[in-house]
Structures are given as C-alpha cells and as structure tokens.
Amino acid sequence: MENNKQDDHQEEFIFRSKLPDIYIPNHLPLHSYCFENISQFKDRPCLINGATGEIITYADVDLTSRKVAAGLDKLGIKQGDVIMLLLQNSPEFVYAFLAASYIGAIITTANPFYTPAEVAKQAAASKTKLVITLAGYIDKVKEFTGGESGVKVMCVDAPPPESECLHFSELTQADETEIPAVKIHPDDVVALPYSSGTTGLPKGVMLTHKGLVTSVAQQVDGDNPNLYFHQNDVILCVLPLFHIYSLNSILLCGLRVGAAILIMQKFEISKLLELIEKFKVTIAPFVPPIVLSVAKCPDLHRYDLSSIRTVMSGGAPMGKELEDAVKEKLPHAKLGQGYGMTEAGPVLSMCLAFAKEPFPIKSGACGTVVRNAEMKIVDPDTGASLPRNQSGEICIRGKQIMKGYINDAEATKGTIDEGGWLHTGDIGFIDNDDELFIVDRLKELIKYKGFQVAPAELESMLISHPNITDAAVVPMKDEAAGEVPVAFVVRSNGSKITEEDIKQYISKQVVFYKRINKAFFIEEIPKNPSGKILRKILRAKLVTEQAI
C-alpha cells in the first residue's frame, strides 16, 4: 500500500505490508513475550539437540533458563551488565540468552572463529563482564579475562585443568526462586550483536526488548502471520545463533509459537540431510551457500525430505537460477526469501508465500515490507523518495529497528535520520505488487564508464553453470573504464572449465559492460556467517594478483 503525502513540497512514497497492522504487546520483556503462551505447550519439545538426540521440553527450557538467571545474579551479573556468548549453537546458548533477559542483562554474541584480537576488541567495546564459551576457545579470551580484569570466564564443557574457568553447571544448579526482582523497561537493551563490519569497523547494535518483541510479532503473530509457524513444526537451526537472523527468525520466532527447534552445531551436508529425515523437519531456514549445497548435493535422492514445507533464505540475495534448482529438488516445499539487516532488528521484508493465507510471489523477490512498519526507497544522491519500480536506497521505519550503535552517536546519526528512517545502504525497488527486489549494495556496485554493474546478477549466472560450485564478482581498477567486473570461481569437483569458457558463457547473456574481464579460480569464496561475500578479501587478492 502506498501513501502519498506532501512534505516540504516534496511527494513522499511510503510502502506498507499487504497484511493489516496488529496489536503487538511490546511492553513485555522479551522472555515474557516468548513464553506468553507456554501453558499451551509446556510438555511439548522445545529444543532438540542434533548432536545427542536429546529432546528438551518447553517447561524444562523455561525452568533451566530461570535457574541460570538466578545463577548469573549470584555470580554478580546485574541489570545492564554484558555477557558475551562465544559459542556454537547449543542448548546452553538458549538458556544463557533467555536468562540474561530475565535479569535485565545484555547478551553480546561473538563468532567462535574470530581471532583473539577480534574477540578482545568486542569484549572491550561492549564492556563484557562474563564470557560463556567452550574449553577449546579459552585461549582466545585469556588476554582480557581473569585476574585483575574482573572479567569472568565460564565453560559449557569441562574447563581446562588449572584454569580459573567456571563451569556452566554452577548456573544450572542455582535456585530459580532467587531470581532478583528487576524492572525491565521496553527500551532497555537485551541483545548487542556486532554488525559485520564489511563497510567499516564492527559496531555494537543495540537491540531492545521492545524492538525484538516487535520484530518477532511482525513475523509470527496475528490471525494471518507473515511467517506461519505452529506448534507441530520442527524448525532447523543450523545457521549460527550468534547471527541475528538465526537468533530472531529461528529461535525467538520458534519459541513464541511453541515449535520444536532442532539445533545443529555446524553445517555438514550429510548430517544436515540425515537430521531433516530423522526428525521430520518442516521449516528449513537457510542462507544461499547452504541452499546451493543442498541443490548441488549428489546424494540428495537418498534422503526423505518430504516433511519440509518451507525453505526460507536470507542473509544474502538468492538468484532465480538457484531458486529454480531448489524447486526442482524440493518440489513440495514453499521457497522464498526474507531480507534483513542487523540494525533493522533485523527483518525488513518477508515473503508472503510463507503467510498462513499466502499471496502469490515472484521469483527473485525478497518479500514485502513487514507489517507495523513503513518502507521507502530514496534517491541516494538527493534523498528524495521514489515511486514504484525505481531503484534507490531502501529505508525502513518502525519500533523494531535498533536503538542505535553503542557509544557511537555519530554512526547512529549517519544511519537513522531525524525522521526515524533507518538507511540500509542497500539498493532496491518495490514493484506494482508491493514486492521488494534487491539490486545490490550501494558500495558494491561496479562502475564501468559510468554504467552500473551489479555483482549479484553476474554471480547468479555463474552459479547456475553446472561446472561452477560458487562464485563472486568484484571490481578491478581499469585505466580506460574506471572499473571492470572480474570473477572468482570455485570449480565443481573434477571440472576443467577455463577462464575463456567463463567469459564466453557470460558474454552471451549480458550487455557489453557487464562482461567478465578476468576469472580467477579459488578453493572457496570467503563469506561471513550470514552468507554475505567478504568482498574486501577478494579485492585485496586482486591487488596482489595485479602486482604479480
């Protein structure tokens, strides 16, 4: 729906969901909201531990989370304190996150594969008081924990001998009746993820109780939820919970509706397919690299995947060719995309094929703006809002967006304008059916003699080639053109595809300025946990290639 209004003599084009706004109880603390209806499903499975097969009920997850909350208080963690989770997916991750919400503490999540320097930087910036991790990662935190630092470390597995490391059982054995009485304000921060930093240094994103409650409700609440999850669903959680997409759209949305959440520690294709078959997974949230692995898996036919009713993809755009490949392999499943950004809380748009009463959708679209929010497309140069079918920067406004970047008023001001609009840095357009199409990142566009070349477009073509497993396209400096597109390509097993083959394959499909200038073959495309290509690394590789 589009509202036109006059503002300083400039027409505003504002887009809303096709679904009506709903009542959202965003006065509730996050844990109270997630477990608001727990009496209806307290004896049902809440978490399934993929590594052990253990099934934990909603009643037990809530009880353990409250014990952990009391234990954290006993340990000296108070309202407003920050706890870092340096963990892979595990039940303990869930208990710690919910426990922090109970006592008004804040969780900052860190990638266990970070270097010690990256972990230390995040711990210092967030003023972390406690790190919960695995014994194998203790070396990453020893520089800034223990002794005079006052920062405690806790392991969820057996701590290394002779270390000061506490054990998670100290929390789970606490008395849940001793949770302190805290008054949680809806604007209090509950999660502090660090945005990927692909466009600068990582910054702490302040997500509040109100913001996350709003975001979850926008997805799964209402008579016709945009994302229809229910108590009988088994939701696959293979995407890392330290990333907001998984934390919000899988864990929190799953808890809210009483679904079972199947936790996998890490992605491994045969184990993933085995668990889908064993536990009859119904909802499969993926990122494009996993979608690609499933679509190209030669053993797919050996597994019964007929239980899957929904395949969600987010984190990075998924091309039409990849969509078609998945539809062919999983014809019974609904496939669609959502679009998110950590700072936006994170979901901006969601595929309406996922609704309880679904709408028709177009291939390549990444959904319609979520309900109870507004979206506009603005000209990156003038800031003017644009009508349908015109590409510009995507902006969103609503109670789900971040409070701001922690201790960085300037960066906050550069992202959220005075009107409350969050500027994403992504380029896209909204079509006549209210569907959003992402064209590319503002900063990733390749400029060939002034022509814009979108890497995502070329990447989807490359990936559709049977002899290519994965690909990324970045700009290379060129005296005549300014920039030309070059490809980094991962060959399929045993493939002998050449640079010349690739150039010809693309040149047949695109206008002259989009042709691939060079192709480099590599083992793996570097990506962040959400599946976004780390173009900085590839551009750095290019510089060394050109210097040779």
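Including glycine, each Cβ sits where the backbone N, Cα and C put it.
Listed features, source Swiss-Prot:
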BINDING   195-203, 337-342, Asp426, 438-441, Lys532  ATP binding site
REGION    268-337  region 'SBD1'
REGION    338-405  region 'SBD2'
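Most buried of the binding-site residues Ser195, Gln337, judged by other Cβ atoms within 10 Å, is Gln337. Its Cβ taken as reference, Asp440 (ATP binding site) is surrounded by 19 other Cβ atoms within 10 Å in the chains shown. Each residue in the region 'SBD1' (268-337) gets a DSSP state, and the totals come to 32 helix, 12 strand, 26 coil.
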